[in-house]
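**Q** Attaching a single structure in C-alpha cells format; questions to follow.
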Ligand SMILES: Nc1ncnc2c1ncn2[C@@H]1O[C@H](COP(=O)(O)OP(=O)(O)OP(=O)(O)O)[C@@H](O)[C@H]1O
C-alpha cells in the first residue's frame, strides 16, 4: 500500500498534504510518545496475528493532529492488510455505508474519521456489521419492503473522533479498545521534530528543536508545520536553523510563545476582555468569536485548559491568573465577573 498517497481528511493544500504524508511514521516503533496507547495497540495486534483473525475494532479519541489517522494507517501496515478510508460526513445514508462494507476484503481495515458525524441510519447498520459481520439490506418500500441479510468479510473498524462523548453508547460499546490520545509534552515534540528534520535533511540544534516544540501547541502536526516554516526561512536567508532564525521565522508567522493560534487567542481575548475573565457559557463564547460551540469545546478548550489559561467551572469558563499575565492585562479589582448571556449553555 502506498501510504504516502493517503490523504488527510481536512487538507489545507496539496503541498501540506504531501508534506504530512512524507513525515508520517509507518510503524508503532516510529510513532513517538503515547506510550500507553502504543503498548495497548501492540498487544492487540499481536494477539490477533497469533490467532489469525482481524484485530478488534479500535476507537481513537482526541483533539486534531495528535496522530489518529497515522495510527489507523499503522494498524493496517502492521497487520499487513489493505486500508479503506472514509469519514463520518461522507456517510450520510445507510446506503453509503452498505456500499463500503459490502466491498471490503477479508481483514481489511476500515478507517472512519469523524465517526461522530455519521448519519444515524448508518450508525445502526454499523452495530450489526461490527458485531456479526453482517448487514440487512432493505429492498422495496412500504408494506412490501423486505430485508435481505448480507454476509460481510471480517474487518477491523478504526474510528476516530474528537468528541468521544457524542458517540451513542451502543456504538462506543462495540469497540474492543478505545485509545484516548493526549497532547504531547515538549521532549516528545522534540523527538517528532528530530525525526522530521532528519527526513527533510535539515540540521536542527537541540535548542532550536526546543524552541519549536514549545510553540507547537502539544501537537505533532503543528510541530511539523512550524518546522516547515523554519526550513523556508533557512532556505531564503541561509545561515542555518539557529535559535534566532527559528524565533524570527515563528514571529513572522505570528506564532505565540505558548503556541496559541488565532482561534485560541480570540477565545482568550473574549473571555478576558468581553466577559471580564468569566464565567462565560460555551454557547455565548462561541457566538462571540463566530465559531461553532463544538469546535471551541473539542479543539480550542482542551489545550487552553491543559496549559492552565482557562478553567471549566459549573458556571462556565473562567480565565486563570496566568491568562491575565500572558496577555499583559490586569484582572478587574473586585470580582466583577459577568456571567454568560445564556445560563443554560454551561
Ligand atoms: N506520534 C507521532 N510521531 C510522529 N509524528 C506524528 C505523530 N503523531 C502525528 N504525527 C505527525 O502529525 C501529522 C498529523 O497526524 P494525523 O493526521 O495522524 O493526526 P489526526 O489526529 O488524524 O488529526 P485529524 O483529527 O485532524 O485528522 C502526521 O503527518 C504525522 O506526521
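Backbone N, Cα and C atoms are what each Cβ position is placed from, and that goes for glycine too.
The shown structure was predicted, so the numbers you read here are calculated from the model rather than taken from an experiment.
According to TrEMBL:
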- 23, 24, 65, 68, 69, 70, 131, 132, 133, 174, 184, 221: ATP binding site (BINDING)
- 69: Mg(2+) binding site (BINDING)
- 312, 317: DNA binding site (BINDING)
- 54-185: domain 'AAA+ ATPase' (DOMAIN)
- 257-346: region 'Head domain (RuvB-H)' (REGION)
**Q** Around residue 131 (ATP binding site), how many other CB atoms lie within 10 A of its CB?
**A** 12
**Q** Determine how many residues of the region 'Head domain (RuvB-H)' (257-346) DSSP places in helix, in strand and in coil.
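**A** With helix first, then strand, then coil, the region 'Head domain (RuvB-H)' (257-346) has 44 helix, 9 strand, 37 coil.
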**Q** Of all the binding-site residues given, 312, 317, which residue's CB has the most CB neighbours within 10 A?
**A** 317
**Q** With the ATP site defined by the record as 23, 24, 65, 68, 69, 70, 131, 132, 133, 174, 184, 221, how many Å span the farthest pair of C-alpha atoms?
**A** 37
**Q** Report the binding-site residues (65, 133, 184, 317) that meet this criterion: Cβ distance to the nearest atom of ligand 1 under 6 Å. Use sequence order and write none if nothing qualifies.
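**A** If the test is a Cβ under 6 Å from any atom of ligand 1, the answer is 65.
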**Q** Go through the binding-site residues 23, 65, 69, 131, 133, 184 and tell me which ones have a CA within 10 A of the CA of residue 312 (DNA binding site).
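**A** Close binding-site residues: none.
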**Q** Helix, strand or coil: which one is residue 69 (ATP binding site) in, per DSSP?
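**A** In the DSSP reduction, residue 69 (ATP binding site) maps to helix.
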**Q** Measure the Cβ-based neighbour count of residue 184 (ATP binding site), defined as the other Cβ atoms within 10 Å of its Cβ.
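**A** For residue 184 (ATP binding site), the 10 Å Cβ neighbour count is 25.
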**Q** Roughly how many Å separate the Cα of residue 69 (ATP binding site) from that of residue 317 (DNA binding site), to the nearest whole number?
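**A** For residue 69 (ATP binding site) versus residue 317 (DNA binding site), the Cα atoms are 30 Å apart.
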